[in-house]
């Protein structure tokens, strides 16, 4: 053997008995060997200081021990960092950093099985054992653990792309695994079992088999393209580079296996063997080391290493020896930079060879993260007995970065701590002079001192303001279980079919329609329902129609029309909320929420809905005020509330108020205004809360008196002023904002409910309740039966009730207001003045549900009147219902007035005057006329430069009931879908994408102009479009912008009115997938007026078929080539309907038509539901030619 290329010190080297005693190993190898003070082992062998490396040749650089006595099974250079990975037969993995082989991490991969292959990835490392694949971080944390069948015996893996992995072994198949989902995606059958080695080139997968064969497989199908029978015994290793494949292995000789010294070389261009290469060692491992030439490194198990060219002759002078001290070589690898090689032996040693002293494992490696060292600073001793000792004697480390104290003041804001509550003793003894209070100091606290954290504030009633921002603060707590299930926030569970398989009937078994909650700012759903069930408001907005684009009254009328038509199916207020978001006053009042605010529950919903209530009543009043002449566009600023114009809203809710200000100088100022609602004002009491009836608090709130500072014209300065408010008339609908926004108001309601409960029990039983104990249920029932034999089903029904079901209000001749709690079963007597005395019945309560898990929600209790039941169910009765978005459930009337302040907080009360309907005209006259279908001007400035794509209907073409109209709509995306990927790989939709209609097309369905469009409107939008979906919609950026669009651009309201007129007339719409179209347009069409071709050619429990495939199969048309065109789609749907009528009504029996559908599905499966190209199986003819460019 030639030793010329080795270190000269090795020429006379005699191997020791154990690698730990080898004098040529690095000092780090001896980390577990006991040394004497001179650094010599106890056996007396000195340790060399360094190892010399000859430039340009591979020589040993370092040797370390992975685990003494445990053979190395696999070694691998990390492809992303300067690290070397070593796995052994005990299932243990160790990593070393850099050429110095500093130990980086060490952990157990498997308890018993050996590590058979290692593959480094971007975020971790893959380890393959017998029947287990583990993906672990470089620090040893498990990312995933994929267990295979116990009968598997895997040996090799191959990373085909960053997310796909092939695993082979001693079985008849190769498994493909998706690393993103950790799921088996394919299982390829292998004809020749025993795939122990796999490689890849840009043409083939190469599989090495235990039988000695190498198979070349297709990259897409894994089918065998070619096969080389290399050795008669077995294959030990092979490698591929460029157009060469080189193998080494064993041949069968005399009933045994012998290492074959001929390396088989194959040319991949000709797919045949070329001249074999004879070497002078017994090859077990080989790898290409392509630098300037395509050198081969050939390794024997005894530690010999030979370099040679694959197409040349092997030179014995190129043989080197790995210093294994008699141990066998078990693994071999070459770094990506080709500057280093690593050998693992049977004693657990790792030998690193390099071609220069300074090497890198990769050409471009990223930085490796290291654990922070544990550094203990020893601080200098400071004698505190020396008063004059300066603190500057303690050295401060120099910093290279800016200090926190250098933070600019513009980037910070003060966050003061909350002021502590005022001592009750101070409040009790306080005297007020004007608006300033004076009280003696009780001396309970030290002067100018206050604890940093106020413990008493931790338990303060603060659920009214916000919920915890941290998910930890929203975990299930005992108080959560107090929220009844029907009051909890409801969510829609989306599947891959969207809403089609969601069972809304489970939440609503009535015929009334709920409202969907996933739309932005849908917190007002409960208030929309309250306004709907006020009959005069419902009739008012459905009779209203104006030319203003974003009119809330018009949109509310459209929404109420859908609620009228629905038979229990939920509706969505997307168009109403779209118009609501454009109102600048709503944004100024903070009524328009961001998605993040709604999702995190940071908003006080109780306060928010009360502000929304005040806003919507004012807005509806302004929009519906009576005007002289025809209705026209009127901005909000064109008519102030309280102007000469009147409206039904004003007649219903308005109350004339007289505000009087009295200065202490005697000057009195009176101002008359109007209000649409009242806010409860609670008494300020420093002592124990007194017993009040609700009528007392209501009168106090209406006839409000307060002391404040105000400007006095007489005194010409601000003076303490007494302000009083009195009403001059009574409203027909009394709206009350409860204003329960803190623990003080909540305690007031709780105490009043307790007082009311005790008074009720005393009235029913005639007994005084014991104060020292609570009565058991049996005694409560006996107490409840003491008068009249009436037994309450549960005492809980009588608790937490303070507000009455009815109230009586009387306005005397001198305008003095009297308010009484009233029995709802009583009527006014003949002694009562019918003109000045009103009885109000509770019609609705809006409740804020406190739930820290979801951030809370808003629900409504509504007493639905007889007219609504008559229209929906054909019966005449009244019933209370709970409206929780799309959950609607009948409830007992006591639930509407029960408020457990720990989770159910009142927000708004609606009291309606008895016999209200007799005062108002409740008839509805459809305000939409045929003129909406006539020609209209486009909003686009450039529209005149192009030809129109449609011809509007003439007066003699106006549609009649039963006429066919082809319809199609295209959409754009405003918000992307929010989804999460579960641990099992399935996708769950949290919030669907928000779509907006961009184009609506209607074509004539009969007559001489059949197929000619009469509506082709592009919808102008002011909202930000995230995705135009051009491939599917044909809409391009700029098409919806009035400044640059060349299309016929109009408003959504204008096109909506056209569709509403067609629906009201009774036309039948023909289209494909109309359910989604109508949902995004936000319009409801009776089912008998919808002909959807997606259901005409559909078999139960089968997939829905695309319009494109149906057109190709039945009509021999090829549509939707590059993009979708709504005119083409609407015409095609009409032709498919004609084809359906031809098949179903043209003599075909139902069974024969079923056979036609079976043929359709069979053809679809064969074609993978794809329409062939024109030169494919058929030659689709062009669609029927209708001129899409029609000059006007």
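Each position is counted from 1, following the chain as shown.
Positions of Cβ are set from backbone N, Cα and C atoms, glycine also.
Automatic, uncurated: that is what TrEMBL annotation is.
The domain 'USP' annotation in TrEMBL covers 513-914. Positions annotated as divalent metal cation binding site by TrEMBL: 968, 970, 1077, 1129. Under the heading region 'Disordered', TrEMBL lists 1171-1192.
Shown on the structure are the features that TrEMBL records.
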| residue | record | DSSP (3 states) |
| --- | --- | --- |
| 968 | divalent metal cation binding site | strand |
| 1077 | divalent metal cation binding site | helix |
| 1129 | divalent metal cation binding site | helix |
Checklist entry - Quick one: mean pLDDT on the domain 'USP' (513-914)? => result 84
Next on the checklist: Let's check the environment of residue 970 (divalent metal cation binding site): how many other CB atoms sit within 10 Å of its CB?
Outcome noted: 26
Checklist outcome for this item: Smallest number of other CB atoms within 10 Å: among the binding-site residues 968, 1077, 1129, that is 1077
